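S.K.: As annotated by TrEMBL, domain 'Major facilitator superfamily (MFS) profile' applies to 89-523. What TrEMBL lists as transmembrane segment is 25-48, 135-156, 168-185, 191-212, 224-248, 254-272, 353-370, 382-403, 410-429, 435-458, 470-489, 501-518.
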Amino acid sequence: IITAIMAYDDILPYLGEFGRYQKRIYFLLCLPAIVCALHKLAGVFLQANVNHRCQLPYELDNATYNIPKMEMVIPWDSTLNTWSSCRRLDANFTADYFHEGVPANKSVKCDKWIYDRSVYESSAVTEYNLVCDNAHFRVMADSLFMLGALFGSIIFGDLSDRFGRRPIFFISLVLQVVFGVLAAVVPEYYTFMVCRLIIGSTTSGVFLVAYVIAMEMVGPSKRLYAGVICQFFFSTGYILTAAFAYFIKDWRMLQLALSLPGIVFLSYWWFVPESARWLITKGRNEEAKQILLKAAKENKVTIPEDIMDNLLPQQQVANGDATSGQDSKEKGKKEKQSTILDLFYYPNLRKKTLVILFSWFVNSGTYYGLSWNTSNLGGNDYLNFLLSGAVEFPGYSFLLIALNRWGRKCTLCGCMVVGGAVLLLTCVVPSDLNWIIIALAMVGKMAITASYGTVYVFSAEQFPTVVRNIGIGAASTSARIGGILAPYTLLLGDHWRPLPLLIYGALALTGGILSLMLPETLNKKLPDTIQEGELFGLKKNKEDDVEGKMEEMDKNS
């Protein structure tokens, strides 16, 4: 496999690192990111937390939210500084009661609710009464969605390595459309949550597999830019989610509208080929050769036939040097022995791994938490959400300049510290200056967007080659856990509105400070072995001591 991967990279100078063919396929594969963003962020509007109050005994189901003499029927919630949305006064509400004008001194829980439909005509919350004691069900759908994304990255990632990127992409796409439509028509909430879980898993199959196909055909010098630009398409889907929700007020029709565009991408069956790199690793050299020749024709270049034959051998060369073959076996054996436990067995690697895992957890949890918290900021929900998506563009654009100019470490630390600081500042802003709170939240979102993009690059360069995939897999799992927990922090905003922003701010600030413990990787030789990974980032005078300790630990183990 290593030989095949090197062979593909060696042919890129002849094919072109990012020629016309790669640009066309890359653009096509970036478009599904828009649909994945629609599904991933739609919960803000599908399960919108609508203003509500108790339905009074004398009211019909179609009663309006605003009523006169509120103080005579609803108790004041001193914690939230507003009328209670979960309790009503315990009174008979007769004409004499209202005439006397003395509110009852006891209250009871609501058994029915009246919703404010001035902003949202309907949502899953209003249809299934997901308020008060049932409020946790409101965020559970988003939490299950992220759980599905975790399972999907594991399942579809493995399947795409086994059976190919292309078939798994289309299987995921079909499942996404089918269960997206089912989520719009199911009669009860539990089935809706199951559908959201499956849709979440398919976003990994669609977006991540498409991302892998796109990145596998791009040359090494172009991968940073290709990886970042792909995120612009996700941010475009972010903004389009607000547009869909603004014009489609019924939540079931909104879910349907977000799902049907996926059908368009089924046409890719005739336009998007299998990854040539994957075909080479599986020994399907003739298929890979046909794809590369087609790419060369579109790029208007010629790949010499002898180069193609040498780079795409029909079978592994069996008559190589015996010594080198033995060395390769020994090297392969050593690589196979490396596990995730090696990342925690040695002190320097353990420290770096824990910092990386925490950074992924914080960045994912804060990114999605801020995205889903826009309706809790006050003001116009649609505008807040739109701004939250728009600030991602300067966030990602900043990375294209900063990562190779100021390094990964300074960029990650600076973005997380700035993001955390501005989010913490929201707690000191007076409630009547809500626009400042929104502005600070948007600056925080822009900073976290940039740091989230940085941690992808920085982490891959920290782990030794022999455990790089394992390390990134563990980091990705940590990120998914942050995303799973993020919706539940929104419930805290029902008790005190600034609390979610304070939690995100404290976590981001802590993560930024801890990232200073990681060594810079820009223009550095990256570690290949566990020993190099343990020594990477240490001062010169400590390396000899560490090498001796590692040998002793290896003997003991």
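From the backbone N, Cα and C atoms, a Cβ is placed for every residue, glycine too.
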S.K.: Taking the transmembrane segment (25-48) as the reference, which of 135-156, 168-185, 191-212, 353-370, 410-429 gives the largest number of Cβ pairs under 8 angstroms?
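M.R.: The stretch with the most close Cβ contacts to the transmembrane segment (25-48) is 191-212.
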S.K.: Looking at the stretches 135-156, 168-185, 191-212, 501-518, which one shares the most CB pairs under 8 Å with the transmembrane segment (254-272)?
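M.R.: Per the Cβ count, the answer is 168-185.
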S.K.: What stretch, picked from 168-185, 410-429, 470-489, has the most CB pairs under 8 A with the transmembrane segment (135-156)?
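M.R.: Counting Cβ pairs under 8 Å, the winner is 470-489.
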S.K.: Can you work out which residues elsewhere in the same chain, 6+ from the ends of the transmembrane segment (168-185), have a Cβ less than 8 Å from its Cβ atoms?
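M.R.: Non-local partners: 32, 35, 39, 152, 156, 159-160, 191-192, 195-196, 198-199, 201-206, 209-210, 213, 252-253, 255-256, 258-260, 262-263, 265-266, 268-269, 272.
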S.K.: Considering only the recorded stretches 382-403, 410-429, 470-489, 501-518, state which has the highest number of Cβ pairs under 8 Å to the transmembrane segment (353-370).
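M.R.: Ranking 382-403, 410-429, 470-489, 501-518 by Cβ pairs under 8 Å to the transmembrane segment (353-370) puts 470-489 first.
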S.K.: Could you tell me the mean pLDDT over the domain 'Major facilitator superfamily (MFS) profile' (89-523), as a whole number?
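M.R.: Overall, the domain 'Major facilitator superfamily (MFS) profile' (89-523) comes to a mean pLDDT of 86.
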S.K.: Counting only residues 6 or more past its boundaries, what in the same chain has a CB within less than 8 Å of a CB in the transmembrane segment (382-403)?
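M.R.: Non-local partners: 41, 44, 224-225, 228-229, 231-232, 235, 238-239, 241-243, 245-246, 370-371, 374-375, 410-411, 438, 441-443, 445-450, 453-454, 457, 522.
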